[in-house]
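Enquirer: Have a look at this one before I ask anything.
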Amino acid sequence: MAPRSTCASRASVSTVRTTRALSTDRVFPARTDPKSMSSQSDSLPRPTRAEAEEAVRTLLRWGGEDPTREGLLDTPSRVVKSYEDFYSGYRDDPREILSRTFSEVDDYDEIVLLRDIRFESHCEHHMVPIIGRAHVAYLPRSRVVGISKLARVVEAYARRFQIQERLTAQIANTIDEILQPHGTAVILEAGHQCMTTRGVHRPGVSMVTSRMLGVFRDNSDTRRELMAMLNRPQLSEF
């Protein structure tokens with residue numbers, strides 16, 4: 001089935017707030033290996049839990065605290081346990097998450113879009129939170145994937161040390177590589193605490209990045225249809 005050339009002729013678009021961030025397509029090649037970062041870290045020796053907890057005690061002392069104080073006795077253990085959750089994405093394989101697909105779609109050839117997928121990541125430069133929303137879309141070629149799997153791919157890449165540009169590219173490239181759709185689109189909007197709580201101290205600033213592949217990149221009508229879908233009011237109840 002050939003990609004649609006006029007799939008958005010019925011869509012009405014007035015103001016599209018997300019069109020201001022399409023630049024990351026030029027930063028990352030379309031087929032960058034999404035596993036390249038994790039494969040490098042996999043080869044490094046992993047410290048023991050005791051070593052990780054001792055590192056927390058060192059930081060407490062560096063900050064001017066006494067790690068033997070009653071209120072801090074369990075802090076190293078709590079911090080390491082929290083980090084196991086924060087960085088659990090290194091244990092996930094996003095390709096495996098997308099491995100099960102469905103072909104019984106009755107020739108469905110319209111956009112599949114998940115809006116407002118909340119994600120939590122950590123800046124690799126300062127190890128502070130990046131909190132935002134992801135919008136993930138694809139135009140199926142012949143198969144679809146369970147919608148929860150798209151959210152899980154976002155989470156698998158987000159729960160690592162990241163920069164937002166790379167996170168956007170990894171999500172889009174993996175979906176495009178595994179599902180082989182007519183097109184894939186990923187838009188992330190997030191606040192970075194490395195900017196809001198330190199340095200320039202600018203709360204309320206968000207960063208928007210996008211990755212458009214296939215028909216979302218090459219066909220302006222398809223891209224406009226996606227933007228129109230993103231700007232429709234969210235239903236309050238389901």
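Easy rule for this one: first residue shown is 1, then count along the chain.
Using N, Cα and C of the backbone, Cβ positions are placed for all residues, glycine too.
Below are the features listed in TrEMBL for this protein:
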type: BINDING; residues: Cys123, His126, Cys194; note: Zn(2+) binding site
type: COMPBIAS; residues: 1-22; note: compositional bias 'Polar residues'
type: DOMAIN; residues: 53-230; note: domain 'GTP cyclohydrolase I'
type: REGION; residues: 1-51; note: region 'Disordered'
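Tell me about the setting of these features in this model.
Expert: Around His126 (Zn(2+) binding site), the same-chain residues six or more apart in sequence whose CB sits under 8 Å from its CB are Gln193, Cys194, Arg198, listed in sequence order. Under DSSP, His126 (Zn(2+) binding site) is assigned to coil, being neither helix nor strand in the three-state scheme.
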Enquirer: On the 0 to 100 scale, where does the mean pLDDT of the domain 'GTP cyclohydrolase I' (53-230) fall?
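Expert: Taking every residue in the domain 'GTP cyclohydrolase I' (53-230) and averaging pLDDT yields 94.
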Enquirer: Which secondary structure state does DSSP assign to Cys194 (Zn(2+) binding site), in the simple three-class scheme?
Expert: helix
Enquirer: List the same-chain residues at least 6 positions away in sequence whose Cβ sits under 8 Å from the Cβ of Cys123 (Zn(2+) binding site), in sequence order, or say none.
Expert: Pro129, Ile130, Phe161, Gln162, Ile163, His192, Gln193, Cys194
Enquirer: Relative to the Cβ position of Cys194 (Zn(2+) binding site), how many further Cβ atoms are located within 10 Å?
Expert: 17
